[in-house]
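Asker: Encoded as structure tokens, here's the structure I'll be asking about.
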């Protein structure tokens, strides 16, 4: 059975080209990444009804279950975002946060790039209806795609904290916890498999 998230979220390994960051940057041949693989990295995702986000019971359920009490919107495009060029450059600097990053795309589209366990970039393309959660401590970056527009709902547990910590910030507790929970745990699991 097809996962309905596939219509609004796709993920793939990126090439190493320095061409325009807004291009897809597929490897040749293309290497897509499954939702299971994203889950293993702590990246969670849902497909929601973006036309009815005010009344969507599914969104309400997620917010209650995960404690997302604060919400606002961010529109990223040259016309709406002050200091657009500078902000886009900053968003694309590899960084982490000490809290989850929760984004729900209600219009437009964009790319969240995350590192896998071997430091390779995975590009996650979100379109209208996609909600993703990047765990605290994961190195990531964001850019628009060639349509140059996204409107995203930002969710937080409690007061919003916007602080990006550009790489390297491996000493932060959030990074250590992420590595322990998602990187080392997986390495230990692979070692056990190899011994079996």
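Note: Cβ is positioned from N, Cα and C throughout, glycine not excepted.
Nobody curates TrEMBL annotations by hand; they come from automatic prediction.
Copying in the features that TrEMBL gives for the protein in this structure:
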- 95, 97, 101, 140: Ni(2+) binding site (BINDING)
- 95, 97, 101, 140: Fe(2+) binding site (BINDING)
Asker: Which are the residues of the chain, 95, 97, 101, 140 excluded, whose CB is within 8 A of where the CB atoms of the Fe(2+) site average out, their centroid?
Answerer: 96, 134, 138, 139, 141, 164
Asker: Just jot down the residues in the same chain as residue 97 (Ni(2+) binding site), at least 6 apart in sequence, with C-beta under 8 A of its C-beta; none if empty.
Answerer: 134, 136, 137, 161, 163, 164, 165, 174
Asker: With the cut-off set at 10 Å between Cβ atoms, which of these binding-site residues ends up with the most neighbours? Options: 95, 140.
Answerer: 140
Asker: Once the chains shown are all counted, how many other Cβ atoms turn up within 10 Å of the Cβ of residue 101 (Ni(2+) binding site)?
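Answerer: Total other Cβ atoms inside 10 Å, all chains included: 22.
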